[in-house]
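Peer 1: Dumping what TrEMBL says about this protein:
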type: COMPBIAS; residues: 305-323; note: compositional bias 'Basic and acidic residues'
type: COMPBIAS; residues: 661-672; note: compositional bias 'Acidic residues'
type: DOMAIN; residues: 571-604; note: domain 'SWIM-type'
type: REGION; residues: 303-326; note: region 'Disordered'
type: REGION; residues: 367-395; note: region 'Disordered'
type: REGION; residues: 647-672; note: region 'Disordered'
Amino acid sequence: MIQSEVWKITGYRFTVHEHHQMETGHKTLFWCSQDAEQKKNSRKREDEHVRNRDTNLNKYDESIKLVSIHIRHHHKHVPYYDVSMPEEAAEIIRDNIITSTPNSLVHRIQLLYPQVTAPQIHSAWSTMSQEIWKKDPDQLTSARKLLENYGSLVDVFVASSEEGVTQISWGVKPIAMTINRKAEIVEIAMDATFETNQKHLELYCIMTEVDGVGFPISYCLLSTVDASVPGKRKRAIEHWMRQVKERYHLDPRHIGTDKDLGEIGPCQTLWPNAKLTISLATPYDPVKAQKVFPFINIGFVPKGQSDRNEREGGREGGGRDAVVEDPPAYSAPIAEVKLSGTPESANTAPVSLSPIANSAQPTLTIRVPPTTRNIPPVPPTSSTQRSNDPSVKEEVDTRTTWVFCPPELREAVINKMDAHRHAHPLIPGYADPSPEGIYLWAVRRMYKFCIDHDLRELWAYLWENWYRPLHWKLWTRSPSLEIPRLRTTMINEAHWRHIKHDFLHYFHKPRVDLLLWILITKLTPTYQRKLYHLTEDTGRYRGLACWRKAFKREWKKLESTPVTLPLPDEYRPWVKQWACTCASQAPNRFLLCKHLVQGVEPVSDIFFLEVTRIRTAPFWVHPGMVPKATLPQGYIDDEIAPVLVPADQQLDPPRQNEPQDGIESDEEEKDEYQAEAELILERTATYNERIDELARKLQNFSLGLLYQKQFRDERFLNVVEKQGSGFLRLLDSCLEKEKRQNANGGEPTSTWDPKAAYAMYYRTRPRSDSGEGA
């Protein structure tokens, strides 16, 4: 108390140097310090059996207290200035807690009080705001109470009652209700993000679009690490999404999501007629492929099948509710290729092999490619198989290197897949204008490319991950009758960036209740204002979607791009339906091409502010879009345009006794998103045991390392550093990630940083648990 009074009167700061107890009182010697940061803070003793007690300031009678102060200043130094926060600055923070963030107050306060630092403002803002959002010492209890207090802004959903599942979900009432009242929810996107709170709960969000702009309609915080029942994550997500569907009458026609099988399954269950856009992975089965397209040769298979454990989501699905499929019905013929002669002879001589796995299958003929190509080694056969089939010739294969797809062909593969992804019946010209015709065209085109370049492994990968029926419908837009506005989950990614970079950037692993308070009170008003400007007629063109500027730039660019006349035979622009058979329109973000843009009369500036995009032809609607009276030769001016389909891309008539929708049937894969209970239970039961065993070994080994210090044997240390280099890189990466995330300043760890790649799945500890202090 005396020390504090001296500080206030003199303006000087001191640290305690000596403190002696005398018969008549106490004697304390202070040393001058340059600022308050060097003042020693009192520390509680942590020795065993020590009980810390509060100091009673009123222990002695006021009448017998005597304070004598002697000040001697031995050294001259730079004058002090007050580093404490003025009461007026604290009042500014207190008055703007609801409507501001710490960063928005820094410039305002520092203009009035330059000595106040940004960390001071942040600390004061965090401390004062706790009175609003901290309703309970327990984070989850506080978060649920907080949601109840904001009943006018959120719809609180019932959490899953399954044991081991932690779930908090709510709907953004003002945004969802406004969109339902003003427009129809046609497209939604769903995604999850991590590292947003201390409890390591995954944050999910369902977003919809209005005029190409994303708006959140519901959030869910979820963790299933404590649950051992298989499929718990998928059921928890479906439980949340079902409530969103019922509360807001959600019935989208297009759903965008990533490769998370826990999200795909509920979407297909709740909205079976919606068009999903994702991608997946499984081993290759040529028999199933041939059932869909008879021109596929079952002998055109990789030299060795892929590992069943190497599938989407990690080993056996990585515990993410993934599918463990039955073994493929067809195994690649076990055979060896005899290499003889010069490389030229190897290039031309086919080698016929008799399949062993299934004698009913046709003879497999493998043409050995040039030696300049890297070929995978042929898997050896067992001695039993060799003895039972004398037609199989034994020869040692000396080829040891292999390239999945040569670098010079990769760009061609990507370009083909991009064209297949964007093809649609409303933009005809390359195939029969139907979903089935486009599917046939794409598969035949890619299969021929792989045949021509002998890319067996590439074809197996492309078919199982992209081109088989169930997956084809998930990443291409041709199966849908419409072309959606959203092509990816980028609105979710932009939303995560908005949350993390604009708000959570100022907090170190915020509590769950603080995260909820930020989402409800900071983000929701922002989206409400944006939605108001998009849906309400204010008499001004304010708050329009940002895509309109890019649309105008693209239109102006194509308007001035030269068009070579006469047009090639394969180009047939159809202005009335806004469709062109050139290769530029389908992949264009705005479905534009120079032939169509230059086929209409010049538009006014107001056109770019009012034009509306629809999901069916003619895609863009505005009174100012008037086709030119005289169109160049090659343009289609009829109401019904002729379709030019190459003969090899026309649909074959259906075979007898074959269902018309055969290319969409895949009965054996209906359970693709169900997990095998026994495998998941086994993984869950052994996970804790594996972690405990690993931690025990590392702890014992670390004690053994310390024991080696006394021997100073460089040979042992060199062996540890060399043989354990991989593990040491993992260790350094995890600790560096934890250090950076627990630091108050500095750049956060990037997901794509090569140094942080080892620690991608490492969940960092809070400061109190990481051994680095508060």
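Including glycine, each Cβ sits where the backbone N, Cα and C put it.
Buried or exposed, and what's around them? Tell me for each listed feature.
Peer 2: Counting residues 6+ beyond its ends, the domain 'SWIM-type' (571-604) has Cβ neighbours under 8 Å at 418-419, 422-424, 426-430, 483, 487, 550-551, 554-555, 558-559, 561, 563, 613, 617-620, 622, 624-628, 631, 634-637, 639, 641-642, 644 in the same chain.
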Peer 1: Counting by DSSP, what is the helix, strand and coil composition of the domain 'SWIM-type' (571-604)?
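Peer 2: Residue counts for the domain 'SWIM-type' (571-604) by secondary structure: 4 helix, 3 strand, 27 coil.
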Peer 1: Looking at the domain 'SWIM-type' (571-604) alone, can you tell me the average pLDDT?
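Peer 2: For the domain 'SWIM-type' (571-604), the model's average pLDDT rounds to 90.
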